Amino acid sequence: MGVVLLPDLGTEIIVPACAVIGIVFSLIQWYIVSQVKLSPDSGISNNNKNGIAESLIEEEEGLSDHSVVAKCAEIQNAISEGATSFLYTEYQYVGIFMVAFAALILLFLGSVEGFSTSSQECTYDKARRCKPALATAIFSTVSFLLGAITSLASGFLGMKIATYANARTTLEARKGVGKAFIVAFRSGAVMGFLLAANGLLVLYITILLFKFYYGDDWEGLFEAITGYGLGGSSMALFGRVGGGIYTKAADVGADLVGKVERNIPEDDPRNPAVIADNVGDNVGDIAGMGSDLFGSYAESSCAALVVASISSFGINHEFTAMLYPLLVSSVGILVCLFTTLFATDFFEIKAVREIEPALKKQLIISTAIMTVGVAVITWVALPPSFTIFDLGSQKEVKNWQLFLCVAVGLWAGLIIGFVTEYYTSNAYSPVQDVADSCRTGAATNVIFGLALGYKSVIIPIFAIAISIFVSSSFAAMYGIAVAALGMLSTIATGLAIDAYGPISDNAGGIAEMAGMSHKIRERTDALDAAGNTTAAIGKGFAIGSAALVSLALFGAFVSRASISTVDVLTPKVFIGLLVGAMLPYWFSAMTMKSVGSAALKMVEEVRRQFNTIPGLMEGTAKPGYANCVKISTDASIKEMIPPGALVMLTPLIVGTLFGVETLSGVLAGSLVSGVQIAISASNTGGAWDNAKKYIEAGNSEHARTLGPKGSDPHKAAVIGDTIGDPLKDTSGPSLNILIKLMAVESLVFAPFFATHGGLLFKIF
């Protein structure tokens, strides 16, 4: 098989060292952001960040205006308090679920061998004895709780960083768009590196601690580790759905009454829903997204580790080769760190038109360097040839083939990202066509937007299909798992770019509410417009990686449940396929309806305040922001439970009552239909949003013929944007969690389903 160049001691140093470097780098970025003071006596930091000369500052507007600084601090505090309060409330409910579900894992998995404490026959090697099923139940429960807590912490830290940075970005915009960009991007990097490093470190420490008990039983050890991915994704589901309902209820209410009915600007302080809208950006787009991508990372790592544990790496106890997925992630942190310096230190943004290219370069540079990094780590960490478990047999694989699996996932992610950008950025013809369709009203805008979303599915699906074919041909299910890991290997940069968008959006809202000049609002709008497109790219990455992750988890589930083939002509499997394909529609219906009913209450409350508070439109009276925050909070907490229950209970009910074959059909069906709906929903919503911004900006002759704000085409665009809000920020992003979560849950409960599942078929 050959010798591994990197000794086990090297792996034991590299993985935690890279995680610590990531955490330290994020803290340095946070410290630099903190130098922008939010107190009137300091105004703006005079710190010459990164050697950027003062001569490069475009225009210093009102730097000594202490009242503006105080107002920004006050608004930031209100947004931060609203977001913190919501997450505390959400986490109380989620905490109860977490404890209840942990008890369920313990009960179901412990009952596989009747809660016996004696060793059992190994699943894949019948000649060996493995640790008891009760041990797997206990350790799976512990890893589930660790994954859940890490996921919640990732979301909470992200929200705290974003609310810390939003007003600082606004204040730096007075110095110029370049300064504001650096603050927003650094803040995004804090979240990106903290999440990537914490996820890696907690997983690594968990493996080491479990190893003390499991010893040479790596099959049992890594089966128990899958609970980590389940914990991460289950929390992400509630974070995405709850946060998505919150943010879109506020957004729809603010837009429909403020922009369409009252003809006032976005984020106007007279709008009662404006604080709730800005809070929503943080709890949905930041906290929800952070938990989501952490879940993807945890699951892809767990899927790869489970398959590796029953391959030659696990059988021969090759520690370095076994932890290859973690080494790839470790290299990813270093690559992303170097890439971040291109945006913050090596080059400076001097004009608005340079913002979007700078963010796109982050993706290209990180992908290119990561390809080299993966080649190096594959060469030193893997033997020249080895065997990979492939549905009952061992497939011989060369190390260069595994490198190609990671690389194909990495570059497929970039392709999906750029196709998403093409269909959602107003710099290209698809969105401009949607904007042009607003001439004849909202109906044609909706038709064009839906068509764009459906069409945008084509290339990403081919990219995912090619990735699956190449990686599966080379290294079976392990190849698909590491391809997903390749797509997520630059997660720190992806998250930094993703978090940059909501921070810039909040910065624009604060500028409007603080009454800052039109020029500053133009700068924050430019930052926000670029962030909007990059957020769509981030969603593309998340959906693409979810497809690969869930397929890898599906493969691991089929192996663990001892299913030799999944035959779609078998009635048991086919009915599962049909039901599975229906689930994303059911789930989307629930989340869309939730946003609609919450938005209805919000619209009524905003209208009530405009109609009953004297002087509100004139700006002499203050709106009741707290009422709108309460509506969003109550609605999201109440409405996140049914969709969450649908996803979490489906595998348990199907596996227990109908057995593993029907469950395999459900997983395949939900994967196939869920990916398509998620891509089209996200891109349709993103296109409508940017079509509206295209008209509002009026940067081209064509855009000016459709404007200005308040014109009939603009009102039609606002209606399209409002319809698209729950598609792109609630249903679409949540669907990728649905397909991953059902797959990882099925894998965790596979021992129970294989032993006790299919009760109905046993009875009849």
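Using N, Cα and C of the backbone, Cβ positions are placed for all residues, glycine too.
According to TrEMBL, the features are:
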| type | residues | note |
| --- | --- | --- |
| TRANSMEM | 13-33 | transmembrane segment |
| TRANSMEM | 93-112 | transmembrane segment |
| TRANSMEM | 132-159 | transmembrane segment |
| TRANSMEM | 180-213 | transmembrane segment |
| TRANSMEM | 322-343 | transmembrane segment |
| TRANSMEM | 363-381 | transmembrane segment |
| TRANSMEM | 401-424 | transmembrane segment |
| TRANSMEM | 445-470 | transmembrane segment |
| TRANSMEM | 476-497 | transmembrane segment |
| TRANSMEM | 541-563 | transmembrane segment |
| TRANSMEM | 569-587 | transmembrane segment |
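Taking pairs at least six residues apart, the transmembrane segment (541-563) and the transmembrane segment (569-587) share fewer than three Cβ pairs below 8 Å and do not count as touching. Highlighted: of the candidate stretches 93-112, 132-159, 180-213, 322-343, 445-470, 322-343 has the greatest count of Cβ pairs under 8 Å to the transmembrane segment (476-497).
Long-range Cβ contacts of the transmembrane segment (445-470) within its own chain (Cβ-Cβ under 8 Å, at least 6 residues beyond either end) map to 404-405, 408-409, 412, 415-416, 419-420, 423-424, 430-431, 433-434, 437-438, 479-480, 483, 540, 543-544, 547-548, 551, 675-676, 679-681, 683-685, 687-688, 691, 716-717, 719-720, 723-724, 727. Within the chain, the transmembrane segment (401-424) has long-range Cβ neighbours (under 8 A, six or more residues past its boundaries) at 324, 328, 360, 363-364, 367, 370-371, 374-375, 378-379, 382, 430-431, 452-453, 455-456, 459-460, 463-464, 466-467, 470-471, 474-475, 478-480, 482-490, 532-534, 536-537, 539-541, 543-545, 548, 682-683, 686-687, 689-690.
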